[in-house]
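Visitor: Copied straight from TrEMBL:
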{"type": "BINDING", "residues": "ARG69", "note": "substrate binding site"}
{"type": "ACT_SITE", "residues": "ASP126", "note": "active site, proton donor/acceptor"}
{"type": "SITE", "residues": "HIS158", "note": "site 'Transition state stabilizer'"}
{"type": "BINDING", "residues": "HIS186, LEU187, GLY188, SER189, GLY190, ASP262, GLN263, ARG264, GLY309, VAL310, GLY311, GLU312, ASN313", "note": "ATP binding site"}
{"type": "SITE", "residues": "ARG219", "note": "site 'Transition state stabilizer'"}
Amino acid sequence: MPAEQMLADGLIDRLGQAESSVKIKYGDQVYRSGHAIRNYHEAVADVMTELKDLGLVQHLHEIVGVGHRVVAGGEEFSESVVIDPQVLQDIRDLKDYAPLHNPVEAEYIDVFCKEMPWATQVAVFDTAFHQTMPAENFLYSIPHQYYEKYGARKYGAHGTSVRYVSQRAAEFLGRPLDQLKMIVMHLGSGSSVTAVQNGRSVDTSMGFTPVAGVTMGTRSGDIDPSLLQYLMRKLKITNFDDIITMLNQRSGLLGISELSADQRDLEAIEDEDPLAKLALDIYANRVAKYVGSYAALMNGVDVLVFTAGVGENAGARQGS
Ligand SMILES: Nc1ncnc2c1ncn2[C@@H]1O[C@H](COP(=O)(O)OP(=O)(O)O)[C@@H](O)[C@H]1O
Ligand SMILES: CC(=O)OP(=O)(O)O
């Protein structure tokens, strides 16, 4: 590539909700639209239309490559790969490692491969950055053969973001990344905390799947597994998948507040609604505990980095 230039960046917010919105920044202009986008098929169609309407491309054939962020790559994918039908199948097969993400990401990849068959499609795995974690941090305290036979271990997630923001933070500070101890808080609808020592991930809060770690928008974070057995009996649930769905989709800020998974909604009413306030307090508490433990793990910390929707916009609350 002779020169790299960012033409635009954008975000589709609140996908699937009535008030979804599109924001695209290009040059010194910002395009915003507030129409409802119901699902990822509509999201892809929308992005392609906007790219042309805003004159960012004359024709979609100008796009020669598409990068796809994929959450789980297991131990198979420790770096980015060009997607072929086998890789796409592997991404689907890793659905147990990221049940909320890999199946949807595979669908996006499929749509883009069909819409832009001329473009090279590349998968960039969140888990790849965390492959540097030492065994004492990525192994669970369960019989070792389950790791050897079934890959039962911590993989983490958000590594694509953490790799990038830790490099940018070092650049901002004008200090060499390989001499810094950082804690990166990626706080979005999914949230994680990662200890980055000398530019390498040494430990991270998400686990075998992204349900582990800190409290999130709809995910529980860490929990005692015996409580799940107890709840199954109390709720007369026989299928463990239903419990996992509850932990992934009906817990976190949404479960505690019984109102919303979105920090913005909870902040708007926290003075009147005790459960909204409690949800925000629990969230901040879990993040703080991971930060403390990673500072101890690295024997100090030079830099705290806040990123993603909550981290960038409401980081002060987490920081305090
Ligand atoms: N101004 C804001 N204040 C507090 N939270 C915000 C704000 N803007 C976005 N968020 C939070 O960020 C979340 C989205 O995070 P983001 O990193 O953009 O996406 P995702 O985690 O879904 O990939 C939203 O669910 C919302 O809770
Ligand atoms: C892994 C993960 O939680 O990703 P996201 O924040 O995009 O949901």
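Keep in mind that glycine also has a Cβ here, set from the backbone N, Cα and C atoms.
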Visitor: Compute the C-alpha separation of HIS186 (ATP binding site) from HIS158 (site 'Transition state stabilizer'), stating it in Å without decimals.
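Guide: Between the Cα atoms of HIS186 (ATP binding site) and HIS158 (site 'Transition state stabilizer'), the distance comes to 7 Å.
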Visitor: If the ATP binders are HIS186, LEU187, GLY188, SER189, GLY190, ASP262, GLN263, ARG264, GLY309, VAL310, GLY311, GLU312, ASN313 per the record, what's the largest distance between their Cα atoms, in Å?
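Guide: Farthest Cα pair among residues binding ATP: 17 Å.
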Visitor: Could you list, ordered by sequence, which of these binding-site residues: ARG69, GLY188, GLY190, GLY311, ASN313, have a Cβ under 6 Å from ligand 2?
Guide: GLY188, GLY190
Visitor: Under DSSP, is HIS186 (ATP binding site) helix, strand or coil?
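Guide: Note: HIS186 (ATP binding site) is in a strand by DSSP.
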Visitor: Given the recorded positions ASP126, HIS158, HIS186, ARG219, GLY311, return the subset with CB under 6 A from an atom of ligand 1, ordered by sequence, or none if empty.
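Guide: So the answer is none.
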Visitor: Calculate the distance in Å between the alpha carbons (Cα) of GLN263 (ATP binding site) and ARG219 (site 'Transition state stabilizer'), and round it to a whole number.
Guide: 14
Visitor: Return the residues near the residue listed as 'substrate binding site' by Cβ distance under 8 Å, restricted to its own chain and a separation of at least 6 in sequence.
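Guide: In sequence order, the residues whose Cβ lies under 8 Å from that of the residue listed as 'substrate binding site' (at least 6 apart) are GLU105, VAL124, ASP126, THR160.
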Visitor: Just the number: how many Å between the Cα atoms of GLY190 (ATP binding site) and ARG219 (site 'Transition state stabilizer')?
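Guide: Checking the Cα atoms of GLY190 (ATP binding site) and ARG219 (site 'Transition state stabilizer') gives a distance of 8 Å.
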Visitor: Let me check the 10 A CB neighbour count of HIS186 (ATP binding site). How many other CB atoms are there?
Guide: 28
